[in-house]
Amino acid sequence: MSRSFRNGFRLLKLSQMDFERAWWDMANLFRAPRRVYRSITLRKQNINRYGREDFSFIVLFSCMIVISALLWALFYMNTPKGYVTTITFMLFVDFGAVGVIMATMYYFIAKRFLMKSNDTILSSTDYQLEWNYCFDVHCNSFFPSFVLLYVIQLFLLPVITRDNFISLFMGNTLYLVALCYYSYLTFIGYQILPFLKNTHALLLPIPMFFIMWALSLLGFNVPKHVVDVYFGKSA
């Protein structure tokens, strides 16, 4: 069996996963996200790649998503089919499929528009953009949004779905914060790569989010419509 296959199987062993590091990453994505990416820069010097060494972050994140899905189903789709449907959608669509799409999109954007044109950089294997690193960046960026929209929002729904302006403002602002923080963390993730330029362009969606948020305050309750899309009924 080749070395790459042996390494692949090693990465799938729970005993080989660094869950302590995964917890550290998750905590610092809230309080000091640049520390997470500084540690990635140091890791690059040790193992010569930017992507994570194992799947501990993804495994831990997936477990949290499953628990969150169980709670959502308990409140809004309390049937065996409802539990399976909610877990499947949140884990394999929201996290898996959307993650692959976002990572691939940013991978091609970075390769097409953000790569430095220096011939030395382009020819060096030390400065190759890794798709799995793009997926890691998405996971890092999505985690705070997950906490805001899949955990905190669930318990705030009785308040933020009421028919008054304060509830409208609170609920829509929750989504604004989640989207802006996702974009900011994504920007940090690509900013640390020495072979990319003009990474501030990745912050361009943030003004658009503010415009959409301001327009939504005219009467479009985002949390209420999201629940309706997910579960076919208003909160």
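Each residue, glycine too, has its Cβ placed from N, Cα and C.
These figures come from a predicted structure and were not determined experimentally.
Topological domains recorded in Swiss-Prot put ILE166 on the same membrane side as PRO223.
Long-range contacts of the transmembrane segment (176-196) within its own chain (CB-CB distance under 8 A, at least 6 residues past either end) are made by residues 29, 33-34, 37-38, 40-41, 50, 106, 110, 114-116, 118, 121, 127, 129, 136-138, 140-142, 144-145, 148-149, 202-203, 205-206, 209-210, 213. Along the topological domain 'Cytoplasmic' (110-140), the predicted structure has mean pLDDT 82.
Under DSSP, the residues of the topological domain 'Lumenal' (162-175) split into helix, strand and coil as follows: 11 helix, 0 strand, 3 coil.
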